Each structure stands twice: as C-alpha cells, then as structure tokens.
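Before any comments, here is the structure.
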Amino acid sequence: MASSPSLPVPHSQPRKPLGRMADWFRQALLKKPRNVPISSESHLSGDTQLASQDSAPPLSLRSVASSTPPPIHSDTSSSGRWSKDYDACVCHSEEDLTAAQELVSYLEGSSNQLRCFLQLRDATPGGAIVSELCQALSSSHCHVLLITPGFLCDPWCKFQMLQALTQAPGAEGCTIPLMSGLTRDAYPAELRFMYYVDGSGPDRGFRQVKEAVMRYLQTLS
C-alpha cells in the first residue's frame, strides 16, 4: 500500500518576545510630542490675560484708583453765577479809593474768589462815565455801596446808588450798603428800607459784606 504524501505542516507565526514588546512601549513613552507652533499674538494675549487676572484690583478699588478726583462743589458754583461778569460792583467816591481797593482785595482774596468790579481798575479807557457806571451795575450780581461822607457829596455816587435801586428794585440782598464814618442820622433816605453793614468794627464790615454777597449768590442756584 502506497503511503500518502505527507502534507506540509503549517508553521505558526512566531510570537514577539516580551522583551521586545517592553522596549517598544518604552520608546513610545519616551518619544517627544511634536511641537505645535504658537503665534506671538496668542502668546501675548495669554500672558496679558494672566497678568491682568493676577494684578488687577477689584472693580471698586480699580474705579476709585483710576477715576479723577470728584469735583469740589461750592455753594456759588451754580450756572446762574456765571451769567454775569462780576459778583459785586463796589461803588465808592474818589476819596475812598484806598478803602475800596482794600475791600476788593479782601473779597477777591477769599476762598470763594469773588469777582469784583472796581471803577478805576476795570472801566474801559475812553468810555463814557455814565455808560460805564450803568454797564458795571448791570454786569454785577451785587452792588456794594461804600457810604461815607465823601460818597454823600459825590454826585456820581448818588447816581450809582439810584441806578442800583432802579435796576434791581425787588432783588432782596442785591444792594449792600456799607456805612463808615457816618452816624445813623446821615444814612441816605433812599436806603432806609434796607439794613446796612456797620463799618466801624475791627474788620470794617468786610466779613459781613462777603457773607451778604455769598448769601445772594446762593439764591441764584
């Protein structure tokens, strides 16, 4: 009996040794990841965001630190005050110029920085006296009358006094008489319906005049 030809025995695929597999995993773990290009803009934006998160103060503190100082509100800062060029017009006689200059210096040098009209200083050179006096009164909120013996004898002073009463007949506190060197009997009859400031005190009534001007300016708000 003939023997059958022997069939080739299939060879099984050899298995990978464990040592080689361990080396493959080790190389895979040690392999460096591929570098991803990062734009400079995104890098900067990230740094800026981190810096702003670390250094930015709370909103309330940041707003206080960066905001401008609050405006100082003054009692005379209303828009009505700036509707005229001057806060006070000082009417005086020529012989009382020194006293008028001292009064104006006191009012303008105060913390309120009142704006005063002084005739020989602020009148337009070459202007007519009548028009200049009328313009000064109409451009001022208050009219301070420095009433002295020289004031009563000066016709221009009396003109200013009557003009001041005519321009603001019902404005209480607008006309402020400051009487100095006169007795009560010499007080002008045209002003008998309003109180006057006594200029015989130590400060010659300057403080009361300033307070009267300030009080009137407060009514403009």
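Glycine is treated like the rest: Cβ placed from N, Cα and C.
Here TrEMBL flags 37-55 as compositional bias 'Polar residues'.
According to TrEMBL, the feature disulfide bond maps to C89-C134 (among others).
Under the heading disulfide bond, TrEMBL lists C142-C174 (among others). In the structure as shown, the Cβ atom of C142 (disulfide bond) sits within 10 Å of 26 other Cβ atoms.
Feature annotation from TrEMBL assigns domain 'TIR' to 84-213.
The region 'Disordered' annotation in TrEMBL covers 1-20 (among others).
Residues annotated as region 'Disordered' in TrEMBL: 34-82 (among others).
Between the alpha carbons (Cα) of C89 (disulfide bond) and C142 (disulfide bond) lies a span of roughly 6 Å. For the disulfide-bonded residues given as C89, C134, C174, the lowest number of other CB atoms within 10 Å of the residue's CB is seen at C134.
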